[in-house]
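Summarising the annotation, Swiss-Prot assigns Zn(2+) 1 binding site to Cys301, Cys304, Cys321, His328 and lists sequence analysis as the type of evidence. Taken from Swiss-Prot, the feature Zn(2+) 2 binding site applies to Cys313, Cys316, His332, His338, supported by sequence analysis. As annotated by Swiss-Prot, ubiquitin cross-link applies to Lys369, Lys410, Lys450. Swiss-Prot lists 372-410, 552-585 with the feature region 'Disordered'. Taken from Swiss-Prot, the feature phosphoserine applies to Ser376, supported by a large-scale study or a structure entry. Residues annotated as compositional bias 'Basic residues' in Swiss-Prot: 572-585.
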Amino acid sequence: MDQFEYIITLEFGNQNQVESAYQIFKSIPKKLKAKSIGEESIKSNNQDWQDWRVCDLEIDMITDFKNQTSKEEESDLITSQYLGHGIIRLFKLSNANNTLNEKEILTIPGDDTMICILFVPTYFTVHDLLHFYIGDDIVNKQVSNFRILRNQQKGMGFNFTVLIKFRNALDAKNFKEEFNGKSFSRMDPETCHVISVKEIVFQKKLFQRPAANEDFPYLLTDPFTVKKKKELVKVELPTCPVCLERMDSETTGLVTIPCQHTFHCQCLNKWKNSRCPVCRHSSLRLSRESLLKQAGDSAHCATCGSTDNLWICLICGNVGCGRYNSKHAIKHYEETLHCFAMDIRTQRVWDYAGDNYVHRLVQNEVDGKLVEVGGSGDDDNNDIGNSDELQNVVYGNRSKNGEKSNSNKKDGELAANFLRHREYHLEYVQVLISQLESQREYYELKLQEKDQTASDSSNVESLKKSMEDLKLQFQVTQKEWQKREMAQKSKLEEDMLVIEGLQANLDHLSKKQEQLERENKALEESKQDLEEQVKDLMFYLDSQEKFKDADESVKEGTILIQQPHGAAQASKSKKKRNKNKKAGK
């Protein structure tokens with residue numbers, strides 16, 4: 001947050017008082033500082049002061065006696081000295097504005113700290129809006145400025161627009177998320193519409209800048225339409241008309257109402273009245289008169305254009321002529337079943353379903369039943385206009401239901417009649433609003449059901465068509481699949497036969513191969529046996545030929561032939577054969 005500096009200026013009636021005050025301030029200890037002391041432009045010394053702030057000026061100083069060498073220690077002494085007769089002004093160092101050409105289009109870019117509440121109903125007072133709806137915490141801690149604008153454009157209705165400038169962008173974002181779409185009250189279906197202000201574009205200055213030598217500059221500068229400033233200048237802080245304290249948007253929130261008077265937010269909250277504390281401007285009275293004037297000029301039947309015996313539908317606002325004319329109001333009921341209609345001239349409410357008047361029905365506090373109020377009291381006429389709350393109910397309810405009147409006298413009589421029976425009228429307003437709300441919800445539910453039924457029927461028809469198409473596609477696909485299945489089955493049978501033949505051949509060949517392997521093995525064994533026998537026979541013949549002439553000892557000897565280690569079994573078998581041969585000999 002930026003740090004600001006303030007300047008105190010003392011304005012006196014003559015030069016002697018200025019010099020005297022200056023000498024007094026020079027003698028003050030360094031603890032007390034005065035930024036500037038001077039004489040403002042005064043036409044004459046004997047000029048009559050026109051400012052309510054003019055008074056006798058005195059300065060209080062604290063004298064320290066603790067450093068004195070006295071036995072008894074004295075406390076600090078507060079002394080006062082008269083300066084003169086004048087005004088104390090408090091200035092704030094602010095940034096100077098850049099000179100702009102009024103003929104050119106000016107664009108003031110936003111900094112995401114400004115939001116706007118659109119279409120605030122006219123029955124909301126400033127106190128209700130700030131204190132009850134927005135809340136004291138937001139008003140006192142987050143908001144720097146409020147500005148309330150009234151809409152008087154034809155066709156847009158009579159309502160208010162509230163500009164709110166926050167101290168930082170995060171608070172503005174949180175405010176928009178919390179209040180956008182929030183209902184203004186339980187009995188009013190209207191909701192709060194909060195938008196962010198991106199920039200402000202205008203062709204001329206919104207307010208005329210005050211001259212540098214004027215005593216009361218207008219609100220320092222307008223926080224909603226002034227760019228960021230660069231040069232520092234002195235600007236006097238204005239005072240709040242309610243509490244007479246200085247108004248600074250950096251320390252407390254400020255609110256500007258439609259009559260362009262500015263106050264502290266907490267001061268206006270304490271002023272529980274719809275009128276301005278300065279000029280007594282009442283937004284409710286002006287909006288009501290404007291609404292009645294606009295409605296009286298444009299009241300006519302929506303079908304035939306008749307201006308006599310008009311009835312307005314309380315459900316949708318349709319205006320039609322009565323049963324003594326072309327009966328367009330009754331036809332509207334027969335077409336839409338909107339059973340409540342109000343006579344624009346007398347403000348009486350007729351129930352087409354019950355075929356009777358219901359504008360005098362209130363809710364009994366004992367058992368909650370609807371009872372009819374009879375008779376009229378003779379209350380004092382001085383009660384008219386004394387209660388802002390009743391004016392809010394009467395005028396706000398009439399402006400909301402779009403009533404139309406051509407005579408101010410009849411309007412006054414109607415208002416007097418409402419205020420004579422204030423309790424009954426409050427009950428009537430609550431009951432009527434609740435009944436209308438239930439009617440609105442009922443018919444909205446019926447319309448939603450009708451739309452849902454129509455959409456469901458169209459969806460069913462489309463689903464039926466798609467179902468038929470899918471059935472045809474399924475039948476075609478099923479036939480193709482059956483053909484493919486038969487072909488695949490025949491092919492599968494052929495393949496199975498081939499596989500069975502191949503498997504039989506494979507088994508036969510396997511058996512034949514095993515038989516051949518066994519025969520081959522037997523032949524190998526017989527071959528080896530025959531080879532050994534031939535070898536033994538050849539050895540026997542050779543040895544017999546060699547040893548035929550030898551001695552008996554040599555003939556009876558044994559011949560050993562060394563064989564490899566791996567052929568042990570073969571040698572054993574050979575020995576057995578040799579023994580067998582010898583035994584045979």
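Note: Cβ is positioned from N, Cα and C throughout, glycine not excepted.
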Quick check: with Cys301, Cys304, Cys321, His328 left out, which same-chain residues have Cβ atoms within 8 Å of the centroid of the Zn(2+) 1 site Cβ atoms?
Ala302, Thr303, Gly305, Ser306, Leu310, Gly320, Asn325, Ser326, Lys327, Ala329
Roughly how many angstrom lie between the C-alpha atoms of Cys301 (Zn(2+) 1 binding site) and His332 (Zn(2+) 2 binding site)?
11
By CA-CA distance, flag whichever of Cys304, His328, Lys450 among the recorded positions is nearest to Cys316 (Zn(2+) 2 binding site).
His328
Would you say which of the binding-site residues Cys301, Cys304, Cys316 has the most Cβ atoms within 10 Å of its own Cβ?
Cys301
Cβ neighbour count (within 10 Å, all chains shown) around His328 (Zn(2+) 1 binding site):
21
Residues with Cβ closer than 8 Å to the Cβ of Cys313 (Zn(2+) 2 binding site), same chain and 6+ apart in sequence?
Val319, Gly320, Ala329, His332, Tyr333, Thr336, His338, Phe340, Ala341
Assigned element (helix, strand, coil) containing Lys450 (ubiquitin cross-link), judged by DSSP
helix
Between Lys450 (ubiquitin cross-link) and Cys304 (Zn(2+) 1 binding site), how far is it from one CA atom to the other, in Å?
30
According to DSSP, collapsed to three classes, what secondary structure does Cys313 (Zn(2+) 2 binding site) have?
strand
Starting from the Zn(2+) 2 site formed by Cys313, Cys316, His332, His338, give every other residue of that chain whose CB sits within 8 Å of the mean position of their CB atoms, in sequence order.
Leu314, Ile315, Gly317, Asn318, Gly320, Tyr333, Thr336, Ala341
